[in-house]
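Asks: Below are the structure tokens for one structure; questions will follow.
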């Protein structure tokens, strides 16, 4: 017998508090065991205690670990702790699984919940849970709780992350783990057999999976319009007029790219919904799946909208600093001095004033609704809204936001659309290009809300199918007069 094993035998009855010895132990069905006293193990133990479970920690050094574990829990050696409960959480890394091999006989028939994760994908030839099952073949191994952090375990249902993914071979073992997860305030999702464990272990290693496509779109649009405007504004002036205005790259050029990308990405949020409606209208049924590309597009609309809001914020900030720029102050002073020297007077143009005030007003209103859309996409706000309220804000007010921002851009162009000097090197300005997509989306949406089309789509979404009229003529009613 090794020194470590003798130490574990001597410390089998060590507890956190002397008062615990006087309290009768709860029945085994209400006791759980946690192997590991690190952050994850302690957080899980605390949450289990708060839910009413009796918790026993298994540690290789029970004496030194007794000051770390939550108050109310016991800490024993691994051998003694494994005998105290039927359900055991393995909150240790795969590299330290060797201590379980001598306990294989004691763990026979028990449920082992593997919480481990890896540092990178495909770090080992098999999943950690499968490796654990090979070390303890007599136990029922269930993969679960690995997608939660120590913070979410402590905070439970108050945290945004509530889902617990589990997998395993035994239905009874998975049901036992699901019961614990539900009692802790989480929602458990059974993902199937233990062969799915590798996929579950890859979940925590994913870096913003829903943001990848929106980020690629944002970066691609930003780079494309930056170089496009760089050629039109900076290089064109240098080639044709020998003027070096490269300093405008930092603010002026950026302040053109941000609103262009913001408006296009806002349009991309609502374009898939419009396409889906026309697809249902064309098919005459809602019982057919959308194409995969449309499904993926619709799933990342929230991320597209938040990135669009971020570019809109940058546009507002860049606009606010315009009056303090050296270039703007210099041009304003030069213009004033020129008017004084030439003894000229300028008349107030009411049309220009209306255009400028309308342009700014629409921009402010559009940005205000923009912010409202962003706020209502937060989980804490979504939970306070009914589905009808959420749909009204995200759909009705969302399209109104798109309309205001598009009108804001049209007023910016005003009558310059017809001026030949606007088309440098026969290329249209960036704001003209960015108006194409939102204008198309708004026109298509206008078609969808016309009474005849809207009535047809509403009936389709309520379960009506075009082919059903031919099968049952009694149910046939004219939809479009």
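A Cβ is built for glycine as well, from the same backbone N, Cα and C atoms used for every other residue.
In case it's useful when we look at the structure, here is the feature table from TrEMBL:
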type     : residues : note
DOMAIN   : 31-117   : domain 'Pyrroline-5-carboxylate reductase catalytic N-terminal'
DOMAIN   : 260-404  : domain 'Ferric oxidoreductase'
TRANSMEM : 217-239  : transmembrane segment
TRANSMEM : 259-282  : transmembrane segment
TRANSMEM : 303-328  : transmembrane segment
TRANSMEM : 359-385  : transmembrane segment
TRANSMEM : 430-453  : transmembrane segment
Asks: Report the mean pLDDT of the predicted model across the domain 'Pyrroline-5-carboxylate reductase catalytic N-terminal' (31-117), rounded to a whole number.
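Replies: Taking every residue in the domain 'Pyrroline-5-carboxylate reductase catalytic N-terminal' (31-117) and averaging pLDDT yields 92.
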Asks: Against which stretches of its own chain does the transmembrane segment (303-328) lie, if we need a Cβ under 8 Å and a gap of at least six residues from its ends?
Replies: 210-211, 213-215, 217-218, 247-248, 251, 254-255, 258-259, 261-263, 265-266, 268-269, 367, 370-371, 373-374, 377, 398
Asks: Per DSSP, what is the residue tally for the domain 'Pyrroline-5-carboxylate reductase catalytic N-terminal' (31-117) in helix, strand and coil?
Replies: 32 helix, 21 strand, 34 coil
